[in-house]
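What follows is a short report on a single structure.
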Amino acid sequence: MSDEEDVAPAVKKSRVFYGSLEEKERERLSANVASNSATGSDAVRAGIEAGNINISSGETLEIEERVSERQQEALAEFERRRRARQITVSTDDAEVKAGLRALGEPITLFGEGPADRRERLRSVLSVVGPDALKKSRKDEERAKRSQDECQQTWYHEGSASLKDARLWLARYSLPRAMRRLEAARTQKEVTEATKTIRQQELHKSLRNLNNFCSQIGDDRPISFCHFSPDSKMLATASWSGLCKLWSVPDCNLIRTLRGHNTNVGAVVFRPQAGVSLNQSDVSLASCAADGTVKLWNLESDEPVADIEGHSERVSRVSWHPSGRFLGTTCYDYSWRLWDLEVQEEILHQEGHSKGVHDLTFHPDGSLAATGGLDAFGRVWDLRTGRCVVFLEGHLKEIYSLHFSPNGYHLATGSGDNTCKVWELRNRKCLYTVPAHQNLLSAVRFQPTDGHFLLTGAYDNTAKVWSHPGWMPLKTLAGHEGKVMGVDVSPDGKLIATCSYDRTFKLWLSE
C-alpha cells in the first residue's frame, strides 16, 4: 500500500441552517428564470435573423370561406344530379346519337356502350338545360326548310316577245318532228339485209379516210372550225382574234374577218347561209373570250352587228335550225337566246352552278342542250322553258354536245376523257365511249343520218365511231397539237379538224 492510500478521507461537515428557507428558495428560482428567459429570447432572435424562424405580420387564413366554397360545389353537384334524374332520355340509341350530335358532342367514345351514352347525354342536358336539344332541332329544321326553299323551282313572268317566240318555236318544230318520224317509219320498212349492206359500205369508206388537205390557218392556235350549209366553205376561228373563210376542198383563203381583239371561241354559219340567203344577209356569228358576239355577212370583212350584254367569257354560239334565233353560252353560269327578227335578248336562262361551255339545238328546233364546267348537262324545252332532262354521269366538265339526226340520241364530250351517248326517250345514259387519253374538246354526229360519231380530243387525235355499236372505225392522227375542234360537212363527205398546232386538216375517204 502506498502512503496516499494510508491517508484517511476528509470528513464532510454538514451545514446547519436556522430559520425558514422560503426566501432563499425564491431568490434562487427567480434568478434561474431570468437567466433562462434571457437565453431563450436571444435564441429566438438569432433564429429570426438566420431566416430559420418566420413570424407572420398579422396575416390570417380564412378556413371558413374555403369550407363554404367546397360546400357550394358539392351542393351544385347534388342539384345537377337531381336534375339529371328528372330528365327523360330516349332509349333508342340512334336518337341518343342524334341528340349528342345536335349538341356538338361526340356521338360515341372509346369503349362506350348504349347505356353509358344515355347517361352522358343526360349529364350534358343537365348542364346545358333540357331545352337545348329542342332548340338545336328547331334550328336544324329551320335550316333544312330554308335549303328546301332554295332548291324549289320558281318561275317569273316573261316578256311578250318570249311568249311569241315560244309559240313560233312550237309551230316550227311540230311539223319537222312529224317529217322526222315519217322518215324513221320509212327507214324501218327497209329490210335488215339492205341495212347491213349499207352499213358495211359506210364502215369500209370510213376506214379508208385519209388526210386530203392540211393548211396553216393562223399564227395562233385554231380553236374552232365549221362547214357552210352548202359544204363549199369552211370557217375557222383563232386565238389571234381573226376568223377566216376557206374554200373547200382546195383550202384557199376567201376572206379574213377582223373585229375581235382576243381569243375567238367559235364561228358558225347560219343554217341557210349560201343557200337561200343573200350575200349581204347575216350569215355567220362569232364569239370571244372578252364577252363580245359579232355577226357577219359574206361580203365584208367587218362585222355587221354586235350583240352586247355578256359580262363574262362567251365560249360558244349556236344557230337555231330556223336561223331566226342565236344561242350563246356564257361563263356567268347562264346561256341566252337572241331573236334576230326583233333584235333583242328574249331569254336569259340560268340553271348551271358553273360556267356554261357549249350549246346545241335539236334538229327539230324544239330542244336545246347545254353543258358546262359543273359536269352536268341539261336539255331544255324551248316551247315551255322547262328543263326536261338532267344529264348526270360525267366526272369532269362537259365541253361539247351534239344531237343525232334521229332526234333521240345526244352525245356529250367531257374532261374525264369519255364520250357519253344519252337516250332521251328514257332519260338515261345509253353508252359510255372510253374515247381518248385526254379531255374531249368536240363531238359531232354525221349530219345526214347519224351513222357515225366523230370525236376530237387533246391527245392530238380525232376518232370515228360507228352508230349504233360504238366500234372504233378510224383514228385520224396527224396533228402535232391537241385537236380543238371537229366538224362533218352537211353532205357527209368531208371531215375537218383544227388544232393547237395552228393547222386545220380535211379528211376524205378514198
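Placed from the backbone N, Cα and C atoms, the Cβ positions cover glycine too.
Per TrEMBL, the features are as follows:
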type	residues	note
DOMAIN	91-143	domain 'Pre-mRNA processing factor 4 (PRP4)-like'
REPEAT	257-306	repeat 'WD'
REPEAT	307-348	repeat 'WD'
REPEAT	349-390	repeat 'WD'
REPEAT	391-432	repeat 'WD'
REPEAT	433-466	repeat 'WD'
REPEAT	476-510	repeat 'WD'
Report, as numbers and ranges, every residue of the chain located at least six residues beyond the repeat 'WD' (476-510) whose Cβ falls under 8 Å of a Cβ in that stretch; write 'none' if there are none.
205-206, 208-227, 229-231, 234, 236, 238, 246, 248-249, 251, 438, 441-449, 454-464
For a three-state summary based on DSSP, what are the helix, strand and coil counts in the repeat 'WD' (476-510)?
0 helix, 21 strand, 14 coil
Over the repeat 'WD' (433-466), what is the model's average pLDDT?
89
I need to check the long-range neighbours of the repeat 'WD' (433-466): which residues 6 or more away from its ends have a CB within less than 8 Å of a CB in the stretch?
199, 202-203, 206, 209, 396-397, 399-406, 409, 411-421, 472-477, 479-492, 495, 497, 499
By DSSP assignment, list the helix, strand and coil residue numbers for the domain 'Pre-mRNA processing factor 4 (PRP4)-like' (91-143), in that order.
38 helix, 0 strand, 15 coil
